[in-house]
Amino acid sequence: MEFKNSLVFAQQLDAIDPLRKYRNEFHFPKVKGKDVIYFTGNSLGLQPKRSQKFIDDIMKDWKDLAVEGHFHAEKPWWDYHERLAAPLAKVVGAKTPEVSVMNTLTVNLHMLMVSFYRPTQKRFKIICEEKAFPSDQYMLNSQVQFHGFDPDTAIVEVKKRPGENFWQTQDVLDKINEVGEELALVLIGGVNYYNGQVFNMEAITRAAKAQGAFVGWDLAHAVGNVGLNLHDWGVDFAAWCSYKYMNSGPGNASGIFVHQKYLNNNEIPRFEGWWGTRKETRFLMKPEFEPMENADAWQVSNPPVLSLAPYLASLEMFEEVGMETLISKRKLIVAYLEFILQEIDKETEGSFEIITPKDRGCQLSVFLHGQGKELFNYLMENGVITDWREPNVIRLAPAPFYCSFADMYNFGQILKSGILAKG
Ligand SMILES: Cc1ncc(COP(=O)(O)O)c(C=O)c1O
Ligand SMILES: Nc1c(O)cccc1C(=O)C[C@H](N)C(=O)O
């Protein structure tokens, strides 16, 4: 499609957008009385209006039923989490038993490391991307140290090439083959938080499996954003948060994926708790642990239903719409944003550079030349919510559920006036 730099053209794209009615399903913050242009769905998705009712239902059941709500609420709390597995499995390309929801992301990565990082003197190395999200780095370092290894030798980072802003798939594959029999685990963010790059999860998984290693993916920035096919790719495990593109609310619960081959498998160790034991016998309060036959075996505590409620509300919307429609719009709106940025860059004589490669999801990261935090502040004051990452990057993620093409055009106008005003 040939894009045009005009509001009328953007409005025409909105008029034929199959997701246009969903914009009104979300609460937008306001600046100067107007809905903001929201680019930070990659950090915290907007609140779906329908999530309130899901929370209110639980508050009401708690008020009216108290402890009886565990088994007699309309949506009983004791197995509330099970309602999330089937819709989530579609989002991540899994079989329903492979998915569960519990805890939070970094906690779940630690829990899954218990199962999938079991280093020996010979096979103890972990491959990750350089400058992974800091929480992932802390998690990996502390796991390696916990097992008595030195992070400097056990953690092997794949670097970007000098002068490049992204990782080459070939470099990841070469590193996997180079580490070879010492490789215990590959754990990478499927979509990088900083530059928005989508890793070739299928090829990397295949290469790591060929070396006899486990493969896990941190899907914080991937879930609800890009197409995933975790089961067919043969991924061993994955975890994600739900507060970004999944719009479930701040700090909310995390999802996990454990490949079918590890379900009902006594060789895989876990840290266990009572919500992982079979529900049929759980309340007999027996000392023996009998694992659930699905990924719920990794559940530890009874689920925080007040957190799961808005996640379930959001998943209802993913069910209605489907990933295919979201991905089609995402590709178009990100391409339009890129076009708008390129136009402004020409008009302002090279004020910035997009550092996100073509293998991308919803996010474009823009490196500002000579402009700094003042431009970011100008955007915020004028109703454009982006985020700032050191040293000089703003990240723009037009979430397809609620961002419009007119937003992209209007953002371009504000950006241009900001650059010229600070010029
Ligand atoms: C790639 C990645 N990993 C881990 C985290 C940390 O998640 P949490 O604070 O939910 O554990 C985030 C987001 O904050 C992230 O983007
Ligand atoms: N969860 C966050 C928070 O409570 C405060 C600030 C930022 C966050 C984030 O989620 C950051 C996000 N993972 C990122 O990619 O930057």
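Even glycines carry a Cβ here, placed using N, Cα and C.
Copied from TrEMBL, the annotated features are:
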type	residues	note
BINDING	Leu105, Thr106, Phe133, Pro134, Ser135, Asp136, Asp218, His221, Tyr243, Trp274, Asn302	pyridoxal 5'-phosphate binding site
MOD_RES	Lys244	N6-(pyridoxal phosphate)lysine
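Listed in sequence order, the residues of the same chain lying 6 or more apart from Asp218 (pyridoxal 5'-phosphate binding site) and placing their CB within less than 8 Å of its CB are Leu105, Leu109, Ala132, Phe133, Asp136, Leu187, Ile188, Gly189, Gly190, Ala238, Ala239, Trp240. Proximity of the recorded positions (Asp218, Tyr243, Lys244) to ligand 1: a Cβ under 6 Å from the molecule is found for Asp218.
Annotation for Asn302 (pyridoxal 5'-phosphate binding site): spatial neighbours Trp77, Trp78, Trp274, Trp275, criterion Cβ-Cβ under 8 Å with sequence separation of six or more. Within the same chain, residues at least 6 positions away in sequence whose Cβ sits under 8 Å from that of Lys244 (N6-(pyridoxal phosphate)lysine) are Gly41, Asn42, Ser43, Leu44, Gly45, Ala220, His221, Val223, Gly224, Asn225.
Under the DSSP three-state reduction, Tyr243 (pyridoxal 5'-phosphate binding site) is assigned to coil, being neither helix nor strand. Listed in sequence order, Leu44, Gly45, Gly249, Pro250, Gly251, Asn252 are the same-chain residues at least 6 apart in sequence whose CB falls under 8 Å from the CB of Tyr243 (pyridoxal 5'-phosphate binding site). According to DSSP, Phe133 (pyridoxal 5'-phosphate binding site) is assigned to coil rather than to any helix or strand.
Secondary structure at Asn302 (pyridoxal 5'-phosphate binding site), as computed by DSSP, is coil.
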